[in-house]
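Below: one structure, written as structure tokens.
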């Protein structure tokens, strides 16, 4: 396995905003953390109870990813986690005053800006970067995910919305790095179909959703604050979600991930299979 210095933030940073699903205003604080802390969530800085950002703590995947531990819950974590993972931040304490991370403008831009504002500090201890040795695979109905051995972390995603001609079929393949995330992925906003709005509201979701933090796709056009940031913004946002969900594996790893029509639930399923494979390979080395 490869190794590099562990990394944390240089200073504490804060952001206040509204959660997209519950619609509550929340204060988000990111603080530096000691080596081997990992990425952990809590609602209060005075609390000793933290939720580690790990697959074992996933409790919900309905339109976002939710973590819980011992009765404490934090939802819509994927955009923030994708930013931390892509920037190589291993150790950070995250405090959120409500049960949902603020959505910002629906992209990862606000979290990227927070990390830039905080700065990144290398630490003395190292973190091992695992390399997947054998392919792993997950399929459910038309959703397909696979991860193959690679010397880099790469995602190739195919999005197919046969029922919405405005989105249609989109494909994007990228090696994920701080630079590619910053330029190609972080600006891409969450999206929904206009035809889904009533269903989502009946489910108690998108209570804080608006054109300022989401893009709506109709059969004959787009409802958005400004133009699309990329012609294929939806598939790029799907890559953003996938990075955040796979970061819950809990360690940096190298693989070529291929996804067709995946969402949070299937992302987590693949993440569990990757984790099982990495743990098995580590046992073989021992």
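Residue numbering: from 1, along the chain as shown.
Cβ from N, Cα, C; glycine included.
Of the residues proposed, 79, 134, 160, the one Swiss-Prot records at the same Zn(2+) site as 237, 241 is 79. Of all the recorded positions listed here (79, 237, 264), the one with the fewest other CB atoms within 10 A of its own CB is 264. A distance of 12 Å separates the Cα atom of residue 237 (Zn(2+) binding site) from that of residue 264 (active site, proton donor).
In this structure the alpha carbons, written CA, of residue 79 (Zn(2+) binding site) and residue 264 (active site, proton donor) are 12 Å apart. When the Cα atoms are compared, residue 241 (Zn(2+) binding site) and residue 264 (active site, proton donor) turn out to be 7 Å apart.
Other residues of the same chain near the Zn(2+) site, with their Cβ within 8 Å of the Cβ centroid of 79, 237, 241, are 78, 82, 107, 108, 188, 190, 238, 239, 240, 244.
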